[in-house]
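Scroll down for the structure; my scribbles are underneath it.
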Amino acid sequence: MDLPLTPSIDPNHVLSGNFAPVAELPPTACEVVEGSLPACLDGAYIRNGPNPQFIPRGPYHLLDGDGMLHSIRISGGEAYFCSRYVKTYKFITEGNEGYAFFPSPFSSFNGVLASAARFCLAVARGIFGYFDPIVNGFGTANTSLAFFGGSVYALCESDLPYEIEVTWDGEIVTLGRRHFGGDSSLRMTAHPKIDSDTGEVFAFRCNMFSPYLTFFRIDSAGRKGPDLPVSSFKKTPCVHDFALTKRFIIFQDGQIEMEPAEIGRGRTPLVCDRGKVPRIGILPRHADAQVLWIEAPGLNMLHVINAWEEYSGDRIVIVAPNFLSVEDGFHNTNLIHSVFEIITLDIKEKKLVSRHVLRSNNMEFGVINQAYAGEKNKYLYAAVIAEMPKAAGMVKLDLSIATAGGGDCTVASREYGSGCYGGESYFVAREAENPAAEEDDGYLVTYVHDENSMESWFWVMDAKSPTLEIIARVKLPGRVPYGFHGLFVPEDDLK
């Protein structure tokens, strides 16, 4: 019943090579084969990504896979590696049935007959009590991780977060789905923002019906606050990430949208409106006010790396990757090309002031020193993309070069080597509690896979070095498939 499968939903292509799923692995000792692990890395580096529990019987998109966490637990220079599924409602329910059947917006609707059959089958399963995704969620928890309120969470935007624990010996335990005192049928972004001063968490969800976008807060005690609906959308936007400054919430209304009617035509509900002019929304974060919209032609931000206020709050500066091939975002991921830009908005004059490209290469998965989130920062570390989400190397960009007149902002780089690929890195400060420490005084950590030997490694790089010098390499006892976002949790927070 399915139409011929395109490469982006053909499991023989999507799950080839190091995208192939792996089995769970209990905590296993690792070998530090080069250098030594700095004391500031005592804790756990965890990376999330898709890893289907069952080999798909039909179309499969990279974003469909069940969330698997790959964690390296470090203490006193020793390391233990562990891979565990996030035990979501979807994972447990399909595990009991012995095959995957939850529908996906990315791959389930491939032809009218196939779409109708999968839709009717899902409805029938719900009616006869085989599963209840409305109450229990249907997400994969495969996208990212966040630490707030003393807990670690695995997230994806189609569901609520799942709380997890990394034990003293490196085991990963799923503690359960959390709704923070709100409605258990709701969803939450995979990229919440945490105010380190107040402990508040800011988040949003996209809705299939009006209001199409809703922001909300979770206070420092873990209680969800009232919804703040954004009423100026006419259909469901595809908002994946946003930024938080001292006073504002920054988000975008781009050219990718949700169009449920497409399901009836046997197509994915994710569509690209090339005639639409993207715009950036600015919403006061502590007031019931209207959104200020500023048009930004040709700007499609999937992720937002940082944003801050200047000129006494009259201007906002945003750092984000711009998807130049936005129509390929979900249908042909190998064709995705994005470049990092620094964008300045004047909220007093309600206009876009300037845009500067930081480097023309295809790059994504940008990270900063998180101590500078919501504040002006100088350095950005980005993955140089070979084929999304595979990265051939890492670069360090100096944002001040762009604001001083433009040009290539690269000040350091590191290639992983022939046949070696990584993904997003994470910046770990060498002295996190030292207010006098320089912004780039720390280390970049990431997983790197060697396709020649089919071995996976944990790399530690010096963020201050002009070559991003390798400080340590750890050979992992299990393969780490290419994935998405990661998080480092210090020892004190694990306790």
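Any Cβ shown, glycine's included, is placed from N, Cα and C.
Curation does not apply to TrEMBL; its annotations are automatic.
Site annotation (TrEMBL): Fe cation is bound by His191, His303, His485, and the candidate from His70, His240, His356 recorded at this site is His240. His485 (Fe cation binding site) carries neither a helix nor a strand DSSP state and counts as coil. When the binding-site residues His191, His240, His485 are scored by other C-beta atoms within 10 Å, His485 scores highest. One way to see the shell of the Fe cation site is to take the Cβ centroid of His191, His240, His303, His485; the remaining same-chain residues with a Cβ within 8 Å of it are Thr143, Ser144, Thr189, Ala190, Asp241, Leu302, Val304. Counting every protein chain shown, 20 other Cβ atoms lie within 10 Å of the Cβ of His303 (Fe cation binding site).
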